[in-house]
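Asker: Quick one: this structure, given as structure tokens, is what I'll be asking you about.
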Amino acid sequence: MGFVVRIVLEKVSDGTAEAYNVELADTVVVKNGAAELRTKGDRDLAEILYESEEVQETVQRDLSKITRSGLSGIVTESAEEQREKLLKRVLQKNHEEFVAAGGKKAKSASTEEYRYFEVGKLSLGEINPLGTTDSSQIKPPEAFLSEGICVQPEKKLVWLPVNGQPVPLHIATVNKVETKKEGSKYVLTVFLNSTQESNVAYKLNRTKAFVKEFTFTSDTDVFTNVQVQIQRILQQIKNDDAMRKRNALTADTRGLVLATNPVRLPQVKMRPPIVVGRQNKGCVGNLELHQNGLRFSLIGAPPVDILFDNVKHVIFQPSINNILVIYHITFKKAISIGGKSASDVQFIAEVMESSETASGQRKGYEEEYEAEDREKRRIHETNEQFIDFARRVEKRSNIRTQIPKSNFSFEGVHTRSMTAFYGTRDVLWAINDWPPFTEQRDEIEVVSFERVLSSGTNFDMTIVYKDYNKPVRMITLIDSKFLDVIKDWCLPERNDSSLSDGLYYMESNTNLAWKELLKTIREDSEWEPWLAGSGWSVLNNEDEEEEEDEEDSDSTYNDEEESEEDESDSDSSWSGDESSDVDSDEDDEESEVLSDSEQERKALAADRKRQYSDDDDDRPAKRPRVASAKQPPASLAPPGPTARVMKAPPNYGKASVPPPRRF
């Protein structure tokens, strides 16, 4: 037996503020004479419901401002005008912070990622295989004096004779080596890493000059051994760079402190799945909460450990118009799952059947009602199970769980198919499909709405990061009805006077070339992103100016076109009058010259030419149709039954293969 106890207090006042109402509700379950309070527990501040009943003040109208038409002189701003004002405030606030920071450029990529590569460490001066920078103390090995070109594998150096001088090159600066025979000569070409974006040394030294290649010739084949040695060391450097990058970007999952009695979320699937053969195709297991992290244990594979220190954000998406309940985790650094690097992981549970049977059997009303009731209970129980686990994780890890807002959602394409997007003031995500889409708000600098047309049905959304070395991310084919909703998500909340979480956005009617644009911004040392009239605001101003110019040119063109049409009309009317005058003059002349008999003879000849006379009986009858007459096309022929003669195969009806079906 269950009871819901509600206590309502109206107009409660503590003497320091206005009166307020309070409603408290608890659920009590009585089993075998013992009462159990089911709603016992702490409540977070975000779980408390507040309803403000603000009384709108009645404003008396100023009768002196009422015009003859009965309209008041008070101007009401539209929602778009309010957004434009708020957007200008966000631009001004960002510019003030930019100036307060010393006018420094927006955050760019740190040099940490360049240290993954040996050529990057060489460019930063962290390694020096020669041991000194004094050229007078640098001496080539003895093999160089005898052979001319030699390789030092222990130092990863190759010595080349350039203008008669020995020049040492680190093999990490070499792109490839080629040898070939031209006539009686042997040619060795050493290609170096030059001005390419893939060259880490070029990214760190964009103003320096780079040598593209060296070419050497010899009468004998002395280059093959050099080529083999350089290629072997190059492959070793690439393997070391890949391992160094993998270790730097992959988090260490060791160090999980196990709990004696962990909280479990049973029978959930993990994405991305671990391939464990036939033992566990669906990758179903238990998710456990431990002291400093989570552990997903399953049959047939080692457990997957997740440390709270490596969690970037946690998203819980309940089953609302969806067959899945999703508990999503995004990592700061990727972890290894099944031998592959993964930046996101999901734990999901299906709460309803994804497809319906087509057996054709009709159920009764009671059976359908019971099935619907079971489905609702299953959805409710699964959601509650995940919510309880998410609350326990949030309490132990101090990481806020992101739950979708009911008033913000839209649909778009970020990989292959249309999917639903949700978000909060901190994160924007789409996790129904794999791979997922998650973006943290504080990592975004601007948002660009592209292909925004008054007659368009959809538009694109481009996210530009504060790190200009990071490529932009696009969401395409968003319905135009969601444009205002996304704009409101970008702008700060109405009651936020500090504009702390406002995102600046731009609009354009075409897609921008972001790769070239970001390259120009990176190379511009005087880039000021938030200055009015320059920076990001130029993209908006240019669009407005282009539209105004187009309107002006269109109006000018229309005026010229109308004037040309008027002139053509006047010319045509003048020519028509002139021609009519000429015809009338000619008729008058003919009537004066020809006699009555001649005119009658001329009229009879014209009648014979048309094959009829003044008398209707003298007109010839219509020609009868003949067989050679042209038949109408088949598409215009009246429909009717047609007989088709089909020849049976010679062995039809016997023990042979039946004839093919004709469709």
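Cβ coordinates come from backbone N, Cα and C, glycine included.
Automatic prediction, not curation, is the source of TrEMBL annotations.
Quick paste from TrEMBL:
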- 149-296: domain 'FACT complex subunit SPT16 middle' (DOMAIN)
- 410-496: domain 'Histone chaperone RTT106/FACT complex subunit SPT16-like middle' (DOMAIN)
- 533-663: region 'Disordered' (REGION)
- 541-570: compositional bias 'Acidic residues' (COMPBIAS)
- 578-597: compositional bias 'Acidic residues' (COMPBIAS)
- 598-613: compositional bias 'Basic and acidic residues' (COMPBIAS)
Asker: In the domain 'Histone chaperone RTT106/FACT complex subunit SPT16-like middle' (410-496), how many residues does DSSP put in helix, strand and coil?
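Answerer: Its residues fall into 14 helix, 40 strand, 33 coil.
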Asker: Summarise the domain 'FACT complex subunit SPT16 middle' (149-296) by DSSP state, stating how many residues are helix, strand and coil.
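Answerer: Going by DSSP assignments, the domain 'FACT complex subunit SPT16 middle' (149-296) contains 37 helix, 58 strand, 53 coil.
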Asker: Mean pLDDT, the domain 'Histone chaperone RTT106/FACT complex subunit SPT16-like middle' (410-496)?
Answerer: 91
